Amino acid sequence: MEILVLREHLWRFGFSARLLKTNHFRTAASNTSFPAVWMLLAQYPGRIPGSFAKVQRNSFFTMPETVEDKADPELYSPPPRVRGMTQLDREAFKRTIVVPVLKVQKEIIGSLLKPLKHTLLQRPGLKRVIEDPDDENSRLVMLDPHKIPEFSLGGSEQEVLKQFNIPPVVSKYDLELTYESFKLEEILRAVLPEGQEVTSGFSRVGHIAHLNLRDHQLPYRYLIGQVIIDKNPGVTSVVNKTSIIDSTYRNFEMEVLAGESNLVTKVKENNTTYELDFSKVYWNPRLSTEHGRIVELLKPGDVLFDVFAGVGPFAIPAAKKKCRVFANDLNPESYTWLLHNCKLNKVGDKIKAFNMDGRDFLLGPVREELSKGLLLQTEEQKPSFHIVMNLPALALEFLAAFRHLLAGAARGAALPTVHCYAFSKHPEPALDVWQRAEASLGASLRACCSVHAVRNVAPNKEMMCLSFQLPADVLYGRPCPKPACKRQRTSKDSSEETLPS
């Protein structure tokens, strides 16, 4: 019965039965005016709002714990004496542990390892077979101390050895662990104060590892930087952010913790190569999926206006897709690297770049191109117009520039689609971003927008992307009532939030 009611409501809003079968895990849709519905419906049970949110998260992984870590976290831990170390002393990490071994003739090693694979030492970086110091014709096979806790083989292992005529005798071997034997997390967990959060995850930007260290980790920052270089091949520089992002140029001050000071690097994202100076421009590898999602919405011949283009992660892939692109960034360094990357990817003839304030870009080149392009559309050729505004700290404020942008111009057959990014600390970020956008536009976005959760930026802080077709009343300046953007009730006011009507 509930499904039938849901279908009836969706039909009233113009959604076809085909949409009801849409898989909400897809990252792209052919038309942003028809977003997936199920996730926002889950947020607001019992109600059918006028717009819907598609929620999908991008994950950032650190190295997972292995089975042996959970079984005995102390077995492969560095010695207690390294606790509190601030200057890396690799020699201090040496320790000896006792592991079970089998003495085996070297001729049959290859045949024996496969049937014993579940019993062998499972520690990455440590050899499973070593020379026997007492017999050059034999080898010592390392066994997993977690699988042989009493240095006594089980029935299945004894049966394997019997087939090879090997005595089921397990010996003890003193295995020396060194700095090279330990993983990044194990080293930092042993060094930092007990009970404190350990940072093992970082953003990789070419040869650069980018950290956001907490205050309690700062005394250990140089050690952390060097360990990251040691444990991650290809990383030759580690930096830590020392200030918040500058909302004007979207870059931040950083300190080089270890390695080289050269921060000009090369990255590859979605089969496109970029070069940039990480200390002077904005680049976030966690946005790779989001860049790809937006570009996937575009078709050859479409027009993209990138208001805050950076070094080109939206603009260049769109140009490679044979779209016409107008890309702008206020930061002179970003503009320079944008031009460089256009040449690098051989799309310079498809991208027109600007170094302007975002509002000036909207009121100038965007208005000029829209006034011409929307009128030139024909039945045979209907390119879509997309406007990307990826400045989440301020982009919602820039929406006011669309008010009466084409006032007095002849009305075209189509309307541009806007993809506006924003941060939200509200308990219901999708609703928060939606209402703030309506307030900035001075118009309702009911039934013509979708909200996509991009990523969790910090505890209780979400980055969202609001996609909507720009209302004609806003774009052409026709009279329209202001939206009923009611104040959202909190849990203290009511158990139910008020949606815009």
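Placed from the backbone N, Cα and C atoms, the Cβ positions cover glycine too.
Not measured: the values here are computed from a predicted model.
Under the heading S-adenosyl-L-methionine binding site, TrEMBL lists His291, Asp329, Leu330, Asp357, Gly358, Asn390. For Asn390 (S-adenosyl-L-methionine binding site), the count of additional Cβ atoms within 10 Å of its Cβ stands at 25 [all protein chains shown].
Residues or ranges marked as domain 'SAM-dependent methyltransferase TRM5/TYW2-type' in TrEMBL: 202-472.
Sequence-distant contacts (6 or more apart, same chain, Cβ under 8 Å) of Asp329 (S-adenosyl-L-methionine binding site) comprise Phe308, Ala309, Gly310, Tyr335, Leu338, Phe354, Asn355. The Cβ of Gly358 (S-adenosyl-L-methionine binding site) lies under 8 Å from the Cβ of Val307, Phe308, Asn328, Leu330, Met389, Leu391, Phe398, Ala401, each on the same chain and at least six residues away in sequence. Spread of the S-adenosyl-L-methionine binding residues is 22 Å (greatest Cα-Cα distance among His291, Asp329, Leu330, Asp357, Gly358, Asn390). Same-chain residues at least 6 positions away in sequence with a Cβ under 8 Å from that of His291 (S-adenosyl-L-methionine binding site) are, in sequence order, Glu269, Asn270, Pro313, Phe314, Pro317.
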